[in-house]
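Here's the structure, in structure tokens; my notes come after.
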Amino acid sequence: MARSPGDRCALLLLVQLLAVVCLDFGNGLHLEVFSPRNEGKPFPKHTHLVRQKRAWITAPVALREGEDLSRKNPIAKIHSDLAEEKGIKITYKYTGKGITEPPFGIFVFDRNTGELNITSILDREETPYFLLTGYALDSRGNNLEKPLELRIKVLDINDNEPVFTQEVFVGSIEELSAAHTLVMKITATDADDPETLNAKVSYRIVSQEPANSHMFYLNKDTGEIYTTSFTLDREEHSSYSLTVEARDGNGQITDKPVQQAQVQIRILDVNDNIPVVENKMYEGTVEENQVNVEVMRIKVTDADEVGSDNWLANFTFASGNEGGYFHIETDTQTNEGIVTLVKEVDYEEMKKLDLSIIVTNKAAFHKSILSKYKATPIPITVKVKNVVEGIHFKSSVVSFRASEAMDRSSLSRSIGNFQVFDEDTGQAAKVTYVKVQDTDNWVSVDSVTSEIKLVKIPDFESRYVQNGTYTAKVVAISKEHPQKTITGTIVITVEDVNDNCPVLVDSVRSVCEDEPYVNVTAEDLDGAQNSAPFSFSIIDQPPGTAQKWKITHQESTSVLLQQSERKRGRSEIPFLISDSQGFSCPERQVLQLTVCECLKGGGCVAAQYDNYVGLGPAAIALMILALLLLLLVPLLLLICHCGGGAKGFTPIPGTIEMLHPWNNEGAPPEDKVVPSLLVADHAESSAVRGGVGGAMLKEGMMKGSSSASVTKGQHELSEVDGRWEEHRSLLTAGATHHVRTAGTIAANEAVRTRATGSSRDMSGARGAVAVNEEFLRSYFTEKAASYNGEDDLHMAKDCLLVYSQEDTASLRGSVGCCSFIEGELDDLFLDDLGLKFKTLAEVCLGRKIDLDVDIEQRQKPVREASVSAASGSHYEQAVTSSESAYSSNTGFPAPKPLHEVHTEKVTQEIVTESSVSSRQSQKVVPPPDPVASGNIIVTETSYAKGSAVPPSTVLLAPRQPQSLIVTERVYAPTSTLVDQHYANEEKVLVTERVIQPNGGIPKPLEVTQHLKDAQYVMVRERESILAPSSGVQPTLAMPSVAAGGQNVTVTERILTPASTLQSSYQIPSETSITARNTVLSSVGSIGPLPNLDLEESDRPNSTITTSSTRVTKHSTMQHSYS
């Protein structure tokens, strides 16, 4: 049914009216806000409800901060219509800030009435807005109505003062800045509502330091600081300090406290000052030929900030340094200009250099002084100091050209020289030229003239030629002192000749049949002008080769080769290859090409299966022959004779045990048999005593060894088998002599000879077990000292005794109890040194050796009794030491008599002595009848002779039993026998032992002819005969030792000179070895020793071949004659 427009308007009005009625009288939760002005009367109900997004919300409630609002409670109330309509018990509840959220305790509400009360003073700066939610709940806590929101706004009051964000503000501005230039901005904040005037801040400058004039002003609203003028000068004031304050509102002065802050403004430096040089001109001095030396320093002052670019000076050369001799830089610490010589100057070329510099700053000048600055050069004069110069090359590199086509006749020609000149005179210097680098030895340089010649034809293709040049270096060494050197370089440019033809790089190739092309490459060792590009052509030999293969593409040094028909097999393709000059090799270049089937990703299949290796006929035949030889070896062993002695030399088992392996360079082999020589406990058991025949060696085991000792001054160095030993010698420089000794050394045996306390180890297989010399010396010294201490407890039996009628008592104990002389050392081990030594002796002699001969061989050391001094607390003794040893192949003349001796003060000295000349502060008495027993030790020695040798030479040959006569005489002159050279000295005791083989009678001792008849002389003589076990003749005439040989007389003498002998007496050296411990306490010299003319046997061509020693001790009491 259609309606008219009037009807539609009436219906719309009716709907609106119904809605208003529902709003006013329908069910719902209502909020009443009480107006503070109406004292508890609520606001009109409909003016505080606003429709928004289909929900009813209340308008905010405004409460002022800082006031007591408790008198205005309740400030709001919520109510539900269901309480009246249905009579339901309703409970009201609020949540939100101030109640259930911090800050707590601001609001409280009544659960029954829904009234909201305020309990605290509000602070907008703490909580500017409160949002509360109200609920209407039934008894079960369920919402009866939709929750209602309540907004409470806190109104601001001006209760806060402005506060600066910093206590100190820092800013900066360049000096000479224009007026009204912004310097910085300061900031202060106010906690009041920024949308009100309560938060407005006003700024003001309170004071300025320094306060000479106001340089800055402050915008009171924005806090910006500006300059007042352009007169800021850092050199005057480098910084300013401002005190500023901030106030509320427009800056009215009130009673409220005012916040202040400090502002520090630093004035930045600009380059508004020109650097000033200290002096107007400078002078310096440098030595020629020096480099990197400081010439001078130029000091500059600048008023700008120290250390900045505006202060640092910048130096530039205006003139005079076109040669680049000098360099100038700035010292950043002192702002000085350092002028340095960086290139050598020559006094002969320039004696003075004039320079000029300009000084600026590192930073550009400020615009305020650009018009004032004018560059002014600073003159500098540098004088060159002349020095004595060395040598130099005019050019350190000299170049020559040489062709590899030159002939050999041109090698002797000079290609140039490399002359060195004296830098002072400019003339050629006197130097020596030496090559230091000539890798392939191409050139020779004359050491005097520096002339350069080629010694080899240059080869361009040599691996030492780089880029067509060969380099050598020459050093010139000056002849003056100190020597100076200079190095020059010789560069030889080699001219290439087309003497090499292009050849194939790889003449044997294998390609797969599916490859369309074959790359063929050639090379030529000549230079670029005589090598590539190459020309390739295929030679049609055999005919048809050129049609089968063709060249499809050619590069400079290679071509691509293509086969007309794909066919497997091997082909030889001859090429004619020529270089850029048309030169080719006379022989054809043949490419051996194999076309084969290839696996995918692999090589030729045929090549992979051709690796089979099998045994050929020759290998099989060799294996069969080897088996036959193995079968033949047992048959050959049956033919060999077992157990038969070999003819000729007897094999020596275990040669490493007996013979020294001279072909080994290492240490001697380990000794496996410890010699019994070191087993004895006493001092005498560690050495073999002996003179000429002191070393008892087995027949056939002698090996001659020569040793020479040189005695000069007061030391003696002896070389024995390449080893030097030092011995003390009391000879003066005038009495220096050479004593040559020849000893006997057993091969591969260590024979230790104890000679006057010194120990010698002869090289041999037993050298590894030799005891240390220092250990032996210390051991025997302590041993002798212990026996010396024991002597005080025993009565002396074997020395000159001191009686009551003599002047002084003995200061030293007697050595009468010399039990250690008879030690456990037994030399019988030398009789049989074992089967190995016997076999070696048989090999060397070529005959059998019988060891059944019973030979007595003993040796006990002979010790000399020490005599106490007559007075004083020291024991004086003058000793002359010499030694004579003998070799089987070397003869030396006997030592000459000594005419002068010298004594020196030593302590605990161990010497080797042969002749002993002693001076003792004690009266010596002549001995009694020789028949009576006395303190006498007689050494009886027998010798057998061998081949003829010169006099004073003894050969220690194989031992033969024989008879000897030993004669011992003792002469003791009385105290009246005074010699003119020894008028102030004491007595002399002369002892002589004469040892003779059969056939020689000792001659009488001719000493009495030199003594005056009026003096008393006591002579004691004793003869003993030593004979082998077979017996000897009762007479002294015994048969000769060896047929056809001559007899040998060996005389051993011990002489003790004193003042009673005449100066004409000569004492020869005695050949003996004695162990003594000598202590000297005074230094003096005596005259020539007396010559007693004791006759020695001088029969030539005699040799001692066997020695036997027996030591017998006799006791004799000696008396004094008045």
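Every residue, even glycine, has its Cβ placed from backbone N, Cα and C.
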### Query
Pick from ASN117, ASN1047: which does Swiss-Prot describe as N-linked glycosylation site?
ASN117
### phosphoserine according to Swiss-Prot, picked from SER319, SER729, SER1082
SER729
### Query
Using DSSP, what's the helix, strand and coil tally for the domain 'Cadherin 3' (278-398)?
0 helix, 57 strand, 64 coil
### Query
Can you tell which of the glycosylation sites ASN314, ASN467, ASN519 lies nearest to ASN117 (N-linked glycosylation site) in space, using Cα positions?
ASN314
## Note on the structure
Cβ proximity for ASN519 (N-linked glycosylation site), under 8 A, sequence spacing 6+, ordered by residue number, returns SER558, VAL559, LEU560, LEU561
### Query
When neighbour density is defined as the number of other C-beta atoms within 10 angstroms of a residue's C-beta, which of the glycosylation sites ASN117, ASN314, ASN467 has the lowest density?
ASN467
### Task
Would you mind giving the whole-number mean pLDDT across the topological domain 'Cytoplasmic' (640-1122)?
44
### Query
Could you tell me the C-alpha distance between ASN467 (N-linked glycosylation site) and ASN314 (N-linked glycosylation site) in angstrom, no decimals?
46
### Task
Can you see whether DSSP assigns ASN117 (N-linked glycosylation site) to helix, strand or coil?
strand
### Task
For ASN519 (N-linked glycosylation site), name the DSSP secondary structure in the helix/strand/coil scheme.
strand
### Query
For the domain 'Cadherin 2' (165-277), what does DSSP give as the number of helix, strand and coil residues?
3 helix, 51 strand, 59 coil
